[in-house]
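Structure, as C-alpha cells:
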Amino acid sequence: MSPPPPRPNTSGLIFAATSWGLFWGGWAGLLPEVKDQIGATDSEFGLALFGIPFGALPAMVVTGKLVSRLRERALPLVLLAFAVACALPGWTYSPVAFAASLVLVGATSGAIEVALNATTAAHEARDGARLFNKVHAATPLAMVVAAPSVGLARQFGASSREVLLVIAALVLVSAYLAVDRSGWRTQPSTSDPATRVRVMTPLLVSFGLVAAIVLFMENAVEQWGAIHLEQNLGAGPLLGSAAPAAYMIGLAGGRMLAQWKGERFSGLTVVVFGSVLGAVGLVLAVVTEPVGLPAAFALAGFALAGVGLAPAVPTLLGMAGKSADDEGRPAAITTVTTISYLGFLGSPPVVGLMAAGWGLSTAFAVIAAGGVVVAVATALLRVPKPQGVAG
C-alpha cells in the first residue's frame, strides 16, 4: 500500500501573502519618519519613491523565467530576498541610498507577486482546489492590521528601523512556511514546445488588460478615497482615513465570499457581476455629495466596491493558470501579473490629472464606469476548456 500523498501546503501560501501585506500596510505609516531620517526634500522624496516600480517591473519578467526553473523553490527564495530588502530602508541616511534600497524593495516585492501567483496556480492544478481568492484575501486583511499597528508602535517610540526589522522577521517566518516538499508537477506535459513559449497569447493579454483596469480602480480608491471624503464631503480625518480601510475590508470579505460560494458560478460570471457591483459602490460614493447624504454613505460605497471588485484579479489569475499546462503555467501567470501591474502603477497620476481637470467626484464617476468596461470585456472573452482543474 502506497503512502498517502503529502498534505497540500496551503498555509505557506497564506502566510506569504500575509507577510507581503504586513510590509505594504505598514509602509505608508513609516514614510514621514523615513523622510526626516534621510533629510530629503519633497521632490527628492518623490523621486526616490519611483525606485519601487523601477525595480518591480523588470523583476516580474525575470522572476517568471526563474520560477519556470526553480518551481516550488522559487517562493521561499524570493521571500528570503524580500526579508532582507524590506529592512534596508531603515539603514539609509541619504535620498540616493534610500532610492537604491527601494529599487531592491520593488524588485523583490514584484518577484513575490509573480512567484506567489505561479505557486498558487500550481497548487490549484496539483491539488484540484480553488485557492486564489483565499490566498489573496490574506493581503488586504494584513494591510488593515499593519497600518494602525505601525502607528501605535511609533506612538510608543519605535523607530522605523525597529519596525522594519520586526516585519523582516515575520517575512523570514513566511519563507520557512512556504517551503513545499510536495513538488508541482501533476502530469507529463503533452503540449508542443513551440506552443509553450508563446506567453503573449491574445487570451492572456486580455486577462491582463481586464485585471489592469480592476487594479486601476482599486488603487484609485486606496490613494484618493480619503481625499474624496475629506475634501468633497467635509469628513474629519478619522472618517476620511477609514476610506481605504473600509475598501480593504471589503476586498478581504469579497474574496472570502468568492472562495466560499464562487464554485457555483463560472469564473467569468463572478468577474462580470462583481465588477458591476464594484461600479455601483463607486457610484454611491460619488452621489453622496450631490444628494446630500452623510459621508458615511460614501464610506459604505467604497466598502461595497471592495466586495464587488475583490474576486476579479484572483479569478482571472486562476483562469490564466488553468489555460496552460505545467510547463507553461509560470509564464502565463507572469504575463497576466505584469500587464495588470501597469494599471496599478498608472492609477495615482492619471486620477490626479482627472481630478485636476474635472474634479475628484467626476474622476470617481469615470472610475466607476471602468467597472462596466470590465463587465463587458469579460463577457466577451472566450475561454477554452481548462488544462488544469475545474472550478
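Every residue gets a Cβ built from N, Cα and C, even glycine.
As recorded in TrEMBL:
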type	residues	note
DOMAIN	204-391	domain 'Major facilitator superfamily (MFS) profile'
TRANSMEM	12-30	transmembrane segment
TRANSMEM	45-62	transmembrane segment
TRANSMEM	74-91	transmembrane segment
TRANSMEM	97-116	transmembrane segment
TRANSMEM	137-157	transmembrane segment
TRANSMEM	163-179	transmembrane segment
TRANSMEM	199-217	transmembrane segment
TRANSMEM	237-258	transmembrane segment
TRANSMEM	265-287	transmembrane segment
TRANSMEM	293-319	transmembrane segment
TRANSMEM	331-351	transmembrane segment
TRANSMEM	357-381	transmembrane segment
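Using the rule of three or more Cβ pairs under 8 Å, pairs at least 6 apart in sequence, the transmembrane segment (74-91) is in contact with the transmembrane segment (12-30). Distant neighbours of the transmembrane segment (137-157): 14-15, 17-26, 28-30, 33, 163, 167, 245, 248-249, 251-252, 255-256, 259, 306, 310; these residues of the same chain sit at least 6 beyond its ends, with a Cβ under 8 Å from one of its Cβ atoms.
For the transmembrane segment (331-351), the neighbouring stretch richest in Cβ pairs under 8 Å, chosen from 97-116, 199-217, 237-258, 265-287, 357-381, is 199-217. Ranked by Cβ pairs under 8 Å to the transmembrane segment (265-287), the stretches 97-116, 163-179, 237-258, 293-319 are led by 293-319. Packing against the transmembrane segment (357-381) from elsewhere in the chain are residues 203, 206-207, 209-210, 213-214, 216-217, 220-221, 224, 227-228, 231-232, 268, 271-273, 275-280, 282-283, 285-286, 289-290, 305, 308-309, 312, 351: each is 6 or more residues past its ends and has a CB under 8 Å from a CB in it.
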